[in-house]
């Protein structure tokens with residue numbers, strides 16, 4: 001799964017004939033410059049505008065879940081198995097079997113997942129698009145995807161590319177004798193590339209992403225630009241297994257794998273297939289995105305020999321790890337520990353390792369010539385499993401207990417290819433395993449009767465008469481629901497994990513105030529549930545959201561508007577035992593502009609972190625804008641700070657934030673006392689009127705955000721503001737409710 005990082009791809013050049021496009025280079029130079037080019041510090045709002053729904057050719061009514069559930073999955077699997085051993089002349093299969101190639105494809109599709117922001121992973125099928133389709137580490141996976149095209153063409157919309165890319169690797173393992181624990185569909189296709197921060201480097205295979213302590217900058221997971229994980233020859237090409245182990249532990253940890261899962265994945269994945277380095281990388285042409293149009297999406301055209309088969313160049317490393325490259329075995333671990341390994345170089349010049357014992361030189365069959373034999377190989381990153389004391393202990397245990405190893409690899413593989421899918425409720429198909437795993441963030445099923453409209457009205461009354469303030473109720477509901485990440489579908493209000501470790505202690509959540517609110521809501525919950533004789537219940541997860549809704553309805557009524565905030569019961573309460581504390585720590589908000597909270601450890605500015613938060617919540621620019629304006633007047637800042645509370649009537653839902661922000665009666669200056677704070681003075685009297693953060697003022701300073709702010713500040717926008725705020729609020733409250741579709745509110749003034 002690891003690919004080399006020597007200057008293999010440095011010789012790539014544009015393969016378009018100048019006689020066909022004589023002014024191509026000139027046209028590139030004359031390409032219009034973006035606003036970001038002219039003003040690099042301008043706040044980038046593009047994350048809130050992707051993906052663009054108009055890019056999807058399937059249309060708004062397309063329901064992928066319905067299509068997938070109508071698919072004959074067994075027929076697809078049989079077609080995949082047949083494909084595995086049907087070698088094509090245009091890209092011959094190693095050992096007559098494409099299985100190892102498909103495993104690598106699946107691994108590299110899913111393995112981009114990272115825990116700190118939930119981005120990456122197989123969902124969307126982004127391996128088809130730039131930059132992933134042209135990463136050095138994904139060399140020749142363009143052929144793997146093209147091999148799958150007849151199957152995708154046959155089954156069409158019933159199976160997405162995203163699902164097919166993963167299913168192919170799973171079936172490959174099964175067809176080669178390994179028993180997986182299942183497969184879940186449900187990954188919808190993306191239709192355009194999206195901008196993701198993959199690192200600061202300006203060149204492929206560079207590594208300039210470490211902080212002063214040598215650790216990867218967050219949220220990155222890979223150690224090198226253009227690689228999935230680490231340099232297989234060792235950090236910076238230095239063949240040091242112990243140093244490689246440190247990098248492996250860091251990067252695999254950032255893709256949600258512990259030490260045992262890491263060893264299982266490497267040892268299991270390298271039980272199959274081989275690496276390819278028949279010659280130097282100088283023979284390779286450009287990656288797909290830079291290749292000539294006549295290549296039709298293919299890249300890395302190889303001018304060495306036949307350019308394929310025995311002459312294939314991918315990573316520059318060359319050889320197989322085991323004597324059974326197309327059959328599941330435990331030979332990888334046997335070889336790792338049974339031999340002493342000596343450093344050598346592949347025909348392509350990459351550093352790798354072979355057994356010291358010359359008797360091992362004919363153990364491994366050749367991929368194409370049955371008369372040839374080879375020695376097994378190991379990479380520096382493989383030897384990390386032997387020499388790192390923690391990895392070695394695990395690997396030896398797996399060697400001595402093959403069944404335990406099989407189970408560990410099956411579980412780690414399933415986690416790898418499903419980690420970015422979110423809760424089990426999103427899983428589709430007949431191959432979904434019945435076992436519930438803690439990394440799936442499970443919640444209990446609804447095994448009771450849900451509350452009806454009369455109950456909801458009664459409960460709202462009790463909440464509003466409990467002594468809890470509008471601010472407290474809104475903040476608690478927001479803190480619970482806004483943990484949701486639309487990248488990997490984690491977090492959200494379902495489960496009421498805000499009452500559990502670690503969320504109950506997060507500084508952004510005002511732990512002392514939160515404990516008071518939860519205690520009051522739990523009392524209301526218990527009194528209601530104990531009074532029911534028909535099995536009806538309200539969960540705390542539902543009650544937290546209902547409390548926020550009730551507070552907003554009251555705040556709108558005080559502004560002169562009657563509105564019902566849509567509420568859909570059905571959330572349940574998770575237990576601490578269902579919650580992996582360490583796993584949830586990465587969801588902690590280090591900044592939340594909606595609550596005017598910012599931890600100075602961030603390496604991005606407060607406005608940038610606001611956009612990041614809104615992006616994770618899948619909000620649009622107007623939704624982000626209206627929510628900030630509403631949260632400010634509802635006095636919902638962390639710590640009850642008054643920054644941006646531009647109203648003399650806090651707790652009442654109105655458009656005062658925008659009206660007062662845009663008023664020319666105020667002159668803004670940087671605070672001379674507090675860094676990052678701004679003070680607004682009355683232009684006539686010089687009296688201090690407001691204090692604000694850069695998150696507040698960005699809605700007046702950024703031209704695009706100001707345009708939206710103006711739309712909510714007009715005299716005729718008061719009802720629209722409330723309507724839009726409630727709709728955006730409901731979107732956040734129901735973001736993790738994959739079982740429903742959010743409803744819009746209706747307003748009466």
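Cβ from N, Cα, C; glycine included.
The following features are taken from Swiss-Prot:
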type	residues	note
SIGNAL	1-27	signal peptide
SITE	104	site 'Transition state stabilizer'
ACT_SITE	108	active site, proton acceptor
BINDING	270	heme b binding site
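For the pair formed by residue 270 (heme b binding site) and residue 104 (site 'Transition state stabilizer'), distance between Cα atoms is given as 10 Å, rounded to the nearest Å. In the three-state DSSP reading, residue 108 (active site, proton acceptor) counts as helix. Taking the Cβ of residue 104 (site 'Transition state stabilizer') as centre and 10 Å as the limit, one finds 26 other Cβ atoms among all the protein chains shown.
With all protein chains in the displayed structure included, the most crowded Cβ environment within 10 Å among the recorded positions 108, 270 is that of 270.
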